[in-house]
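Heads up, the thing below is written out as structure tokens.
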Amino acid sequence: QVLLVFAEEDEQSNGFRWACDKAGFRCNIARTPQSALECFLDKHHDIIIIDHRHSRYFDAEALCRSIRTTKASENTVIICVVQRHTDREESSILPLISAGFTRRYIENSSRMACYNELIQLEFGQVQAQFKLRACNSLFTALEKSQEAIEITSEDHVIQYVNPAFETMMGYQIGELIEKELTEVPINEKKADFLDTINSCIKIGKEWQGMYYAKKKNGDSIQQNVKILPVIGQGGKIRHYVSISRLCNDNNKVEKTCECIQAESQTDTQTCRHKDMRKGSLDVRSTTSRGSDGSSQRRRSSMARVHSMTIEAPITKVINIINAAQESSPMPVAEALDRALEILRTTELYSPQLGTKDEDPHTSDLVGGLMTDGLRRLSGNEYILSAKQTHQVVGSLSSPISLNDIPPRITQAMENEEQWDFDIFELEAATHKRPLVYLGLKIFARFGICEFLNCSESTLRSWLQVIEANYHSSNSYHNSTHSADVLHATAYFLSKERVKQTLDPIDEVAALIAATVHDVDHPGRTNSFLCNAGSELAILYNDTAVLESHHAALAFQLTTRDGKCNIFKNMERNEYRTLRQVIIDMVLATEMTKHFEHVNKFVNSINKPLAALEENGNNGDGESIKTVLRSPENRILIKRMLIKCADISNPCRPREQCIEWAGRISEEYFAQTDEERRQGLPVVMPVFDRNTCSIPKSQLSFIDYFIIDMFDAWDAFADLPNLMEHLNNNIKYWKGLDGRNLRVLRPPP
């Protein structure tokens with residue numbers, strides 16, 4: 001399949017189109033970078049030909065870089081059509097190579113020239129890419145094989161070992177890669193035995209036999225080994241593949257799965273498969289801890305622990321209670337015992353659901369949003385998914401500025417400073433790209449460019465890049481949600497109490513964090529990603545997976561290209577401070593810490609402020625300032641601000657609230673559908689599109705997560721209009737639920 005990217009039809013594009021027809025290739029034509037990327041992500045073309053002759057239409061190199069950052073482009077051949085210049089010196093092709101182009105085609109509209117180019121590509125680069133694609137299947141076979149496989153170079157440098165090898169020998173792959181066999185004493189072979197093997201494999205013959213190998217812990221194991229030389233470039237031996245199987249005491253080879261041996265693509269594939277590795281486990285070391293010597297060592301260690309002088313605040317509290325128990329009557333001592341049990345748990349801030357008459361909607365929401373997913377698995381049921389995480393794309397939108405925004409969009413943003421601003425009207429006016437336009441206006445209102453010392457064009461490019469990395473296919477977690485959270489954040493920043501508390505750098509961080517807080521969201525929860533064994537879950541150790549990804553990707557996208565790097569002119573220390581605040585706020589949107597953040601906010605800010613008011617110190621500015629301006633409390637306020645902005649949908653006007661409820665429900669329905677298709681644990685069974693009651697799910701979410709949090713935020717920031725909307729929306733959902741309706745709206 002071929003994708004032609006030409007802004008206008010001309011003889012060159014017609015020549016390639018004719019050539020595709022003659023060669024029997026399927027051909028698509030795109031006129032804009034946006035349509036080109038969308039078409040490619042849908043069709044996965046083998047060849048992309050991009051017109052680089054006219055920069056006034058679009059930036060061909062930026063488009064190529066954008067395509068190259070997607071996973072689908074890994075084996076795609078991208079051609080750059082450049083102008084023919086006869087009057088000046090030949091220019092370097094290095095910038096094109098750096099942008100990701102495979103080769104250059106100097107414009108020649110001759111039909112046969114275009115046809116010849118395509119035929120050369122088919123039998124050259126395209127066929128080579130087909131072979132590389134097949135290598136992924138071969139490496140999958142190697143990864144899953146129960147036989148231990150080791151691949152070395154012609155100089156006996158280890159280039160690959162599979163998980164079975166790690167388990168058998170007790171090594172981690174990082175301890176072996178790029179090491180010579182002589183550096184890893186894993187084989188107990190005598191010199192003459194080694195010479196026999198080498199004399200066989202060096203002439204291209206395979207060797208098979210039995211020998212003893214030494215594990216990392218020093219134990220010897222008997223193996224049945226086959227070593228195969230692999231002929232590569234120049235007809236010479238380029239790799240050796242060693243396949244080993246354990247032997248039992250009777251020298252019978254244990255039953256194993258058949259394995260496929262790979263050709264000599266090991267070099268380029270090694271790094272790609274490192275992240276798929278699971279650490280090996282030395283069973284002997286974990287089961288030999290019950291000896292007398294071991295017990296004595298553990299008693300000695302515990303004595304040292306108790307004598308340590310390091311003491312956390314919670315430890316001090318526990319020690320105070322323990323001391324009080326000694327002189328307390330029995331009822332008090334028993335009550336203190338119960339208090340100690342609670343204090344020793346790790347979930348100090350998370351309320352426990354009751355065991356009787358438990359609401360399944362609340363239970364599923366808590367399970368889906370506040371766990372890592374693994375708690376719903378049984379035994380060793382850890383399933384790896386073949387689904388890849390979505391990759392990044394670059395800046396694709398047409399240039400805009402505050403001065404040339406279309407009238408309809410300008411009208412849609414007229415009341416963006418008001419809470420009742422309709423984000424869905426802006427979504428429609430911008431064709432589902434509201435973030436760039438709203439971002440430009442809000443960032444201008446807060447003077448972000450002046451603070452960052454960056455141009456409006458840089459900010460515009462940054463907003464375009466960030467918005468391009470939100471998935472428009474998600475019903476909820478798309479750029480409209482990001483724009484909605486940005487609007488709520490800006491609204492909260494305009495409240496008097498918040499303005500008293502935060503510095504300009506905090507405001508900048510909050511607006512940037514709101515913009516990027518869900519970038520590249522796949523439309524699935526953390527629990528789903530952990531259960532599916534996704535690459536992101538493995539990368540972030542099943543902990544705050546999505547939030548960590550959003551924060552990391554936001555900075556990668558920003559700093560990789562000077563055209564959109566809004567931080568490039570900042571002083572180093574100021575940038576580090578800003579970066580830290582942004583990361584902290586994005587991570588605060590993770591729901592597992594929800595109650596911790598809310599409780600800390602109430603106890604550290606709400607209650608001290610209320611106490612000042614009760615004691616008649618409402619006018620004591622210094623006392624209030626002490627509460628508001630302490631570094632610890634400012635962190636809590638910023639976390640609370642973005643959390644409330646992130647899940648403020650129930651506090652929006654009714655029609656917006658209903659629309660958001662429908663969108664999040666559809667995203668959860670789609671997740672449940674996919675979990676069942678893939679045989680994964682269903683994290684939120686109640687979100688079955690055939691049986692779910694949306695009113696009940698909304699009421700459960702509001703009751704469990706929203707009411708207490710917004711009561712606390714309202715007490716701090718004074719938000720009567722939000723609380724009025726919240727109460728009206730609760731009444732609306734209760735009305736539907738009271739009529740046993742499961743839908744968003746009552747029937748006509």
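Placed from the backbone N, Cα and C atoms, the Cβ positions cover glycine too.
Listed in TrEMBL:
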| type | residues | note |
| --- | --- | --- |
| DOMAIN | 134-204 | domain 'PAS' |
| REGION | 264-305 | region 'Disordered' |
| COMPBIAS | 270-281 | compositional bias 'Basic and acidic residues' |
| COMPBIAS | 284-294 | compositional bias 'Low complexity' |
| DOMAIN | 401-740 | domain 'PDEase' |
| ACT_SITE | H477 | active site, proton donor |
| BINDING | H477, N478, S479, T480, H481, D518, D646, Q698 | AMP binding site |
| BINDING | H481, H517, D518, D646 | Zn(2+) 1 binding site |
| BINDING | D518 | Zn(2+) 2 binding site |
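This view paints the features noted in TrEMBL onto the structure.
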residue : record                    : CB count, 10 Å
H477    : active site, proton donor : 22
N478    : AMP binding site          : 23
S479    : AMP binding site          : 29
T480    : AMP binding site          : 27
H481    : AMP binding site          : 23
H517    : Zn(2+) 1 binding site     : 27
D518    : AMP binding site          : 25
D646    : AMP binding site          : 23
Q698    : AMP binding site          : 28
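H477 (active site, proton donor) is 17 Å away from Q698 (AMP binding site) when you measure Cα to Cα. The two recorded residues T480 (AMP binding site) and H517 (Zn(2+) 1 binding site) have their Cα atoms spaced 12 Å from each other. For D518 (AMP binding site) paired with H477 (active site, proton donor), the C-alpha to C-alpha distance reads 7 Å.
For the domain 'PAS' (134-204), the DSSP counts in helix, strand and coil order read 35 helix, 13 strand, 23 coil. Of the recorded residues, the residue listed as 'active site, proton donor' and H517 (Zn(2+) 1 binding site) place their C-alpha atoms 10 Å from one another. Cβ proximity to the Zn(2+) 1 site centre (mean Cβ of H481, H517, D518, D646, cutoff 8 Å) flags the following additional same-chain residues: H477, S482, V485, A514, H521, T589.
Rounded to a whole number, the distance between the Cα atoms of H517 (Zn(2+) 1 binding site) and N478 (AMP binding site) is 11 Å. H517 (Zn(2+) 1 binding site) and S479 (AMP binding site) have their C-alpha atoms 10 Å apart, to the nearest angstrom.
Looking at the residues that bind AMP per the record, H477, N478, S479, T480, H481, D518, D646, Q698, the two CA atoms farthest apart are separated by 22 Å.
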